[in-house]
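Okay, so here's the structure we're looking at.
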């Protein structure tokens, strides 16, 4: 079924910043998609087009991207006569029209908005749930419910506290199902709230951009201690492990790392990549840390490779790989990490996101699907993670509706699958063995 109409508009994301929403019409109805936006963005990400007009939304408007859709992309896709089930052809047509390496002509936020809407329309055209349509696009016969990685303590660029490292996550790998994982996660989250309140007072339980608590602590080990205490207190020591997103590019200064980067600069307190690696080794020894994302700067390749060779845990590339096949290929060659963080808006189309996922999986990597810190009520990534069988997703704490929208959709998918539903659990790094 060909496209009848495409219309884009500017809406607001969960941080109150403008983002792009796209309505796509076919004979089957209206299909709507909204684009997320990151705070700690890798310099190699596809370009998110902002207006730059300081008189409007402090320069963050997206009317240019919206206009590119309404004036150029929409007429081209409609006149092509392509069916919405032809995802790759439609995505490639947009990439050709843009013609740049990093989507800087139209903006990745313009192309992705249309690409997501096409995918939703394609599923309806086939009379399939979105996750099954995505599985078909990826050539997958399996469907797997992921382990959620709940970001329960926020730091870095996501919170106004002193904490340098950006996310401290809990993964309920011992849960029996996704629904059970949600319960475990929520119970530990509420227990953690009590632990933080008792230690630092009620104002320390304010939440960051992704719904995690943001107590004003400086030591990253203190955050790990709080999470461990909450897990133990909730009674889930055997069922829950810890993940971290360090987002080290945010505090990389002149070849060294500043773990107090939110205070006035002081070169004397900066540490080397080796020293930072030793700190992580301590974390892994002392806490049930099984996954560390972006432990080093996006260009500190030597530190990545050395560290990954020396630890037996999951090392996730985000700013390093930016869901980009060329960066992934280099990371595979240099053995820099062993898991890809998949963010559709880093690369800017559904087709390229699927290709990036397959490339990582073919090289024996894990894949974790991810939200952005600036989110919307769109639930596309919930269906994406099931269809791509990656076995793990991070989309914030069990708090804030733009986060819960994804988790709730995953519970619905699990319910819909019934007996067919399989939960990744302890195999979250390699769910294909299920």
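Every residue number used here counts from 1 along the chain in the order it is shown.
Glycine too: its Cβ is placed from the backbone N, Cα and C atoms.
Note that this is a predicted model, so its numbers are computed, not measured.
Quick look at what Swiss-Prot annotates:
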- 40: Mg(2+) 1 binding site (BINDING)
- 158, 167, 293, 318, 370, 371, 372, 373, 394: substrate binding site (BINDING)
- 245, 293, 318: Mg(2+) 2 binding site (BINDING)
- 5: N6-acetyllysine (MOD_RES)
- 26: phosphothreonine (MOD_RES)
- 60: N6-acetyllysine (MOD_RES)
- 89: N6-acetyllysine (MOD_RES)
- 89: N6-succinyllysine (MOD_RES)
- 193: N6-acetyllysine (MOD_RES)
- 228: N6-acetyllysine (MOD_RES)
- 228: N6-succinyllysine (MOD_RES)
- 233: N6-acetyllysine (MOD_RES)
- 233: N6-(2-hydroxyisobutyryl)lysine (MOD_RES)
- 263: phosphoserine (MOD_RES)
- 406: N6-acetyllysine (MOD_RES)
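A map of Swiss-Prot features onto the structure.
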| residue | record | Cβ contacts under 8 Å, 6 or more apart |
| --- | --- | --- |
| 26 | phosphothreonine | 1, 2, 3, 4, 84, 121, 124, 125 |
| 89 | N6-acetyllysine | 82 |
| 193 | N6-acetyllysine | 205, 213 |
| 245 | Mg(2+) 2 binding site | 151, 165, 166, 167, 169, 292, 293, 294, 316, 318, 394 |
| 263 | phosphoserine | 162 |
| 370 | substrate binding site | 318, 341, 342, 343, 381, 393, 394, 395 |
| 372 | substrate binding site | 36, 37, 38, 39, 343, 345 |
| 406 | N6-acetyllysine | 371, 379, 381, 382, 393, 395 |
*Whole-number Å only: compute the distance from the Cα of residue 60 (N6-acetyllysine) to the Cα of residue 233 (N6-acetyllysine).*
43
*Take the Cβ of residue 233 (N6-acetyllysine) and count every other Cβ within 10 Å, whichever protein chain it belongs to.*
15
*Can you tell which of 5, 60, 158, 228, 394 has the least company, meaning the fewest other C-beta atoms within 10 angstroms of its C-beta, among these recorded positions?*
5
*Within 8 Å of the centroid of the Cβ atoms of 245, 293, 318, which other residues of that chain place their own Cβ, given that this set defines the recorded Mg(2+) 2 site?*
166, 167, 244, 246, 247, 292, 294, 316, 317, 319, 341, 370
*asked:* If I take the alpha carbons of residue 228 (N6-acetyllysine) and residue 5 (N6-acetyllysine), what is the distance between them in whole Å?
replied: 52
_Between residue 233 (N6-acetyllysine) and residue 5 (N6-acetyllysine): CA-CA distance (Å)_ = 54
*For residue 158 (substrate binding site) and residue 233 (N6-acetyllysine), determine the Cα separation and express it in whole Å.*
27
*What does DSSP call residue 233 (N6-acetyllysine) in the simple three-state scheme?*
helix
*Starting from the Cβ of residue 318 (Mg(2+) 2 binding site), draw a 10 Å sphere and report how many other Cβ atoms land inside it.*
28
